[in-house]
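According to TrEMBL, the features are:
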type     : residues  : note
REGION   : B:1-26    : region 'Disordered'
TRANSMEM : B:36-61   : transmembrane segment
DOMAIN   : B:94-307  : domain 'ABC transmembrane type-1'
TRANSMEM : B:98-119  : transmembrane segment
TRANSMEM : B:131-151 : transmembrane segment
TRANSMEM : B:180-203 : transmembrane segment
TRANSMEM : B:241-266 : transmembrane segment
TRANSMEM : B:286-307 : transmembrane segment
Amino acid sequence: MRSRKPLALFAAAAFVLAGCGGGGGDASTEGPVTLTWWHNRTTEPMKSKWQQIADDFHRTHPNTSFTIEPLQNEQFQTKVPLALQGNTPPDLFQQWGGGALADQLKSGKLADITQASSGWIGPLAKNADGWKAGGKQYGAPYLMHAVGFWYRKDIFATAGITSAPTTVDELNAAVTKLKAAGVVPIALGGKDRWPDAFYWAYFAVRQCSVDTLKKAVEKTELTDPCFLKAGENLKSFLDTKPFQDGFVGTPAQQGAGSSAGLVANGKAAMELQGDWNPDVMQALTEDKEIGSKIGWFPFPSVPGGQGDPSVLLGGGDGFSCTTRAAKACAEFLGHLVGDDVQKILAETNSGLPVTPAGVAALKSEPHKTIAEAMTKASYLQFYFDTAFPTKVGQALNDTIANFFAGQGGPDTIVKSVSEAAAGNK
Amino acid sequence: MMSAAITTRPPTAPVPHAPAAGGTRRRSRLRTRLELALLLVPALVLFVGFVLIPIGVAGYYSLYSWNGFGPLTDFVGLDNYVEAFSGDVFQGAIGHNLIIATLSIVVQLPLSIGLALLLNRKLRGRTFLRMVVFAPYVLSEAVTAVIWLLMLQPGGFVDEILRGVGLGGFVQLWLADQSLVLYTLFVVITWKYIGFGVILLLAGLQGVPPELREAAALDGASAWQTTRHVVLPLLGPTIRIWVFLSVIGSLQLFDLVWIMTLGGPANASTTMATYLVDHGFKRYEFGFGSAVAVILFIICFLFALLYQRFALRRDTQGALTGVR
């Protein structure tokens, strides 16, 4: 009898929890349906754009309405798993694909939209691959992203740098010139950890061949010596002290003192960041001309590296549908990758359109450059924290951040992946 | 404690218009029970549903390696606990919590008492000053954290102020220096919570009878002697409650640290709660996270029990322990 008591307690708990979440019910996908939509655009202009796109869709599809909940990026990491454990997950939510998607699949709540998307997924080509698992489509991107150096053209000119660095040696030379000109060469938001990871990832992408990169993600291991070498190259780069003082405590996007804020306000010359950075910068400065003052160049090549210098590090913003209203949701995803919406998205400069029609509609110079680089790239390496299963990706990011703070070495980074994959905390 | 508080006992006061007849007494006892049930059941249901069951469920999850999706299948026994305790980062986190708790008592308590004594005196602008001291406590923790995060950036508001008053030499990398960041956070915590201690102690001071001070003054006691030997002992219960709340708060410290440093740089400011979120939620290791949550709970619970038993016993006599 004694041993059965805990079981009874947990059964009761499960019952209560199930009861709490039971309000959802199964709405018929044919009748009117209200999609709960969690997206990550909490700031303008995208926040209103999504609202407008949803309203437009409702006008042409009166049976589908929306309850929109914009959430900050960080919140998704905790809210999505909780929601997928419950009985009322959002019907449509921000999905970065890769390893997290594979983790989420185990909840059984993600909708397989392979069939439903067959009519519109074609033009996305390889952009849609990150939202696949086991050959099935579990979501779709609406914008792709790529990381590269954003720089202040005016500051580069003042410091006497005439062309964007194409090799790490040129980058180091630029850093020296910028220091001499009294400007912080590169701003880095080390508090948030993920910006640190961009550097390690790019040194790995430049050092390792595409095949090696693919194999590493597939097997969740960094056993190839090129990953160790990447860490050593990163170490040499850090030794040139290219960042602002106290970068390990600097937030990436909050306030004028953040890394994006430093560049936006002319206190720093460069930042290795995603294509979304102009939006972020604009919000952090009074300077209305900031958009025309910044330019973009890809991460420079590393002498002696096996990596293809055209390969970009990036990812994408997408959405996954949950099973309750999968049909209406997939239809809406199709609408998002349609020419009309892709053109609207292209005008916001908040990412790279996923279809050729969208790319053609890009207006901002830096974004055209990035989209061009993306088209030319022989491969898009997903951010490692996204490509790997979540626990491995986060462990890798933490280890890289510690490395930036002076703890551990290139070998620690490589080991963190195999250890996390083996289940060590 | 709970059970002591709800122990049914025959009313000590004579039951009004109670005839000696046994039937009526039994009926009134039944009525007392019914009333108790009626009053306690809603609270009890909430307590069981939202406190006891979640704790039980967390304990259950903590025995599994589970990523939060799908059924619990990978039973690992106490491995999660062993792994948490054997990790440097978690050991460091416990240490950070203890440092914050100790500093709270050593620094915040005297500061609160001093401010409360000061603000209890008749001085111009007292209401205004009380408001100023209390204001930060009203701010939400997230707002406090963001404001201070921005002010503490290199070249930010704090640095400017220091340079402005000629203390530029004291400027530090407040949030980036691994040996300093925890103490920077402690200053912000103090700024935020000092008002609470002051208000609590001011309330306590109202309970010190003026006659006692007068009597002490008549006996020739100096102001310091009066404070030390008359006022402080009478503030004892308030101070003990404050220490209790402060230590529990320090052990559960999360929001401020999470927003200002995420526990960094290099885990220099990790607390048990940030470790929990970092290694539980962010890594989708819900079994492990549950184990950390249970450890945090047990530490707080043990402290609460021991403190109630040994420090608060006198203060709460009658209130919690019941009249025998």
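Backbone N, Cα and C define each Cβ position, glycine as well.
Any TrEMBL annotation is an automated prediction that lacks curation.
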Cβ-based contact of the transmembrane segment (B:180-203) with the transmembrane segment (B:98-119), 3 or more pairs under 8 Å: yes
Most Cβ pairs under 8 Å with the transmembrane segment (B:36-61), selected from B:98-119, B:131-151, B:286-307: B:286-307
Remote residues contacting the transmembrane segment (B:241-266) - C-beta distance under 8 A, at least 6 residues beyond either end: 93, 97, 100-101, 104-105, 108-109, 112, 141-142, 144-146, 148-149, 152, 175-176, 178, 181, 185, 188-189, 192-193, 197, 200-201, 272-275, 277-278, 296, 299-300, 303-304, 307, 311-312, 315
